[in-house]
Amino acid sequence: MNAPTVVDSVAALRAQVQDWRRAGLRVAMVPTMGALHDGHISLVRIALEQADRCVVSIFVNPTQFAPTEDLDKYPRQLARDLDRLREAGAHLAFTPSVGEMYPAGFATKISVGGPSSGLETDFRPSFFDGVATVVAKLFLQAAPDFAVFGEKDYQQLCVVRQLCRDLDLPVEIVGAPTVRDAHGLAMSSRNAYLGEAELDVARLLNVILRRTAGALSTGTDEAAATEDAAKALISAGFRKVDYVAARASVTLAPWQRNRGGRLLAAAWLGTTRLIDNVEIPSA
Ligand code: PAF
């Protein structure tokens with residue numbers, strides 16, 4: 001495969017995508033913060049199944065990190081990322097600087113309601129404002145036909161769908177299944193922070209979530225099931241559980257038994273915060 005073209009300015013990104021669109025090509029976008037793993041590569045593959053050209057943005061977005069979070073230590077490995085994108089067949093990598101995305105005097109924030117309330121927002125109050133603002137900018141800059149987001153960040157996927165619907169952004173959002181290791185651990189750039197012993201504990205997150213989703217679908221009381229799951233996570237070695245919660249799959253409103261549902265969780269392993277989610281099968 002050819003190496004992707006790398007551009008770091010909005011002008012160069014727009015010029016390339018406009019050329020493709022004039023030629024009648026269908027363009028996909030995969031927004032990322034880099035440190036690409038198999039989960040990201042699966043998004044590129046899904047994009048390429050439905051598009052002629054795939055743009056991958058690599059930008060560690062400062063506005064979605066709280067001052068206490070891991071912006072400085074977030075893994076940055078552009079050369080390796082570009083190798084992975086070449087293998088996957090992506091056509092363009094957009095690697096803007098912070099100044100290109102947020103020039104001096106930048107003063108706009110997009111705040112999405114609906115699915116952004118609760119869950120992550122209870123613990124990271126400005127996270128989705130940062131995500132929505134940067135995703136809206138990326139869509140306006142690249143103007144892709146569609147964009148692919150992983151279900152691993154399930155609440156983010158719902159928020160981005162709401163953003164596009166509410167602002168009439170002409171970008172179709174494609175959700176892609178979570179890629180997991182052989183033990184079911186969801187791929188995440190933050191897994192790089194975990195040592196071997198912590199990885200063994202991390203792998204229990206999806207086991208406990210699947211077990212709890214099964215219990216919910218067979219009639220176990222919701223409060224009892226989610227409380228048991230939180231206790232099981234602590235017994236397994238997690239330091240703190242931010243939430244284990246059952247929600248409606250599209251709106252993320254409280255879950256109603258016998259309706260499509262999603263069980264979502266966030267928990268701390270040492271200083272690393274992991275999130276995951278599974279479907280609640282209908283009974
Ligand atoms: O999921 C991510 O990596 C980020 O939140 C995103 C969507 C690229 C926005 O910075």
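Cβ from N, Cα, C; glycine included.
Per TrEMBL, ATP binding site is recorded for 33-40, 150-153, VAL179, 187-190. When secondary structure is read from DSSP and collapsed to three states, MET33 (ATP binding site) falls in the coil class. Neighbour count (other Cβ atoms within 10 Å of the Cβ, all protein chains): 18 for MET33 (ATP binding site).
Taking Cβ-Cβ distances under 8 Å and a sequence separation of 6 or more, the neighbours of HIS40 (active site, proton donor) in its chain are VAL30, THR32, VAL56, ARG84, GLY150. In the three-state DSSP scheme, HIS40 (active site, proton donor) is classed as helix. Among the features that TrEMBL reports, active site, proton donor is placed at HIS40.
The Cβ of GLN64 ((R)-pantoate binding site) has 21 other Cβ atoms within 10 Å, all protein chains considered. In three-state terms derived from DSSP, GLN64 ((R)-pantoate binding site) belongs to a helical segment. Positions annotated as (R)-pantoate binding site by TrEMBL: GLN64, GLN156.
What TrEMBL records for GLN64 is beta-alanine binding site.
Listed in sequence order, the residues of the same chain lying 6 or more apart from GLY39 (ATP binding site) and placing their CB within less than 8 Å of its CB are GLY150, LYS152, THR178, VAL179, ALA186, MET187, SER188. Checked against ligand 1, the recorded positions HIS40, VAL179, SER189 give no residue with a Cβ less than 6 Å away from one of its atoms. Every protein chain shown contributes to the tally, and the Cβ of LEU36 (ATP binding site) ends up with 27 other Cβ atoms within 10 Å.
In sequence order, MET33, GLY34, ALA35, LEU36, HIS37, TYR74, PRO75 constitute the residues six or more apart from SER189 (ATP binding site) in its chain with CB-CB distances below 8 Å.
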